[in-house]
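Peer 1: I am attaching a structure below and will ask some questions about it afterwards.
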């Protein structure tokens, strides 16, 4: 039962909050609903074209509560109350839920989930590009259990492919696109146990350069894993942690260059200035490594040395679009996850807003007629916001009442566990005594942990473009790449497209739709 004090506090706040004048008129809401209805009715005509291009945006750790909070933040950054704002992904016509568990974990990690949504096979926690027959850290369980990704399927079909991330390019999410590893942490041979090396397993950076040698675009962080041990970093010359890590003495940048055809134009770059100076129409292969490790948070980004995610995406699409057969592009907003792990909600949410800009940028450069775009997350976090906050309340602000137990204020944003657990004088810290609007403020948590954990609930899948309607309802996470492949006529899903081509049909769309319904006809 809510106390009278609480009711009074809430009522006062809501009375004093700003209600936009147009929202006081019932006609506003009725007109809005009617327009939404008209838009929904148009979806009865399904887009069954072949997807020439496929773009997958992966918000690492971007659970539903994170999406909602980022929506409010986006609006407030544009001086609106925030709740009514639409993210770019909110505009996508099809939405589904994805079940994120790993084969051996109720609450998953980013490696096993990446294997699911890129390779189409669920896997164990901590492993990438291998089936559940591979046990984490056990190199000798890898061989014979490798599974390929949609990036490989697209490349085999003659499409151009790219990877763009704000983490290391050999981190969990991107690595599942090209690597097969019993441990996601084997970034270079320096991080591998002697037993794994002696059994012939290769580190993930090595696999990036060798497994799929003709990836057209690779951008993100992770420079230090490409260079010999103690090689000084080009940007952070005095920072020992930025130095090269490789024990085998290899310079993987030189190896990358050596694999490229002499008549092609290959570019290795390490800063934003070099990126923006490129003419995408004269670039065949691009490797951009902008930090020794992960890229900086968007709020901390150096505008001279580090490009934004949207800038990287724009360049990637311009380069990849030159292929008449189309492309597959994986884009990861990877530091959403890191912000949450550190309990720094402000960092995490600004990462989502930047990824949303990138989604919008991609939308202006492609067409829903021939480009399937999917936006999803690998998993959630124990992140929440509540407290009966009034309309337009700063997403990083206080709830409108104090606790009826310890009589102290609290922020709307809280974590179930994490580093924000603070006790002062035997009591919960009084947040009014700290700068809770600071970029690195760690929101309070219920349970003390050095690193906040993932959440186990389903995550959203947003889709638009050819065959986007096949993403609907509640799905196993490994279903996602099968839909993307079917739409693009690649991988195991291309026979229907070949049949359409043989029939002489100018567009295989109608046949694709009929074939999609064929299993249902057989059932009934």
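Cβ from N, Cα, C; glycine included.
Look at TrEMBL and you will find 110 tagged as active site, phosphoserine intermediate. Taken from TrEMBL, the feature Zn(2+) binding site covers 60, 337, 341, 378, 379, 454. The Mg(2+) binding site annotation in TrEMBL covers 60, 171, 173, 332. What TrEMBL records for 1-17 is signal peptide.
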Peer 1: Going by C-alpha distance, which of the recorded positions 110, 171, 173, 332 is nearest to residue 341 (Zn(2+) binding site)?
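Peer 2: So, of the listed recorded positions, the one sitting closest to residue 341 (Zn(2+) binding site) is 110.
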Peer 1: Between the Cα atoms of residue 379 (Zn(2+) binding site) and residue 171 (Mg(2+) binding site), what distance do you get, rounded to the nearest Å?
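Peer 2: On Cα coordinates alone, these residues lie 15 Å apart.
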Peer 1: For residue 60 (Zn(2+) binding site) and residue 171 (Mg(2+) binding site), determine the Cα separation and express it in whole Å.
Peer 2: 11
Peer 1: About how far apart, in whole Å, are the alpha carbons (Cα) of residue 173 (Mg(2+) binding site) and residue 378 (Zn(2+) binding site)?
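Peer 2: If we compare the Cα positions of residue 173 (Mg(2+) binding site) and residue 378 (Zn(2+) binding site), the gap is 9 Å.
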Peer 1: What does the structure give for the C-alpha distance between the residue listed as 'active site, phosphoserine intermediate' and residue 171 (Mg(2+) binding site)? Integer Å is fine.
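Peer 2: So the Cα of residue 171 (Mg(2+) binding site) lies 9 Å away from that of the residue listed as 'active site, phosphoserine intermediate'.
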Peer 1: Give me the CA-CA distance between residue 332 (Mg(2+) binding site) and residue 454 (Zn(2+) binding site), in Å, as a whole number.
Peer 2: 17
Peer 1: Quick check: which same-chain residues outside 60, 337, 341, 378, 379, 454 lie with their CB within 8 A of the centre of the Zn(2+) site CB atoms?
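Peer 2: Surrounding the site, in chain order, are 61, 109, 110, 336, 340, 377, 380, 381.
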Peer 1: Quick one: Cα separation, residue 454 (Zn(2+) binding site) versus residue 171 (Mg(2+) binding site), in Å?
Peer 2: 17
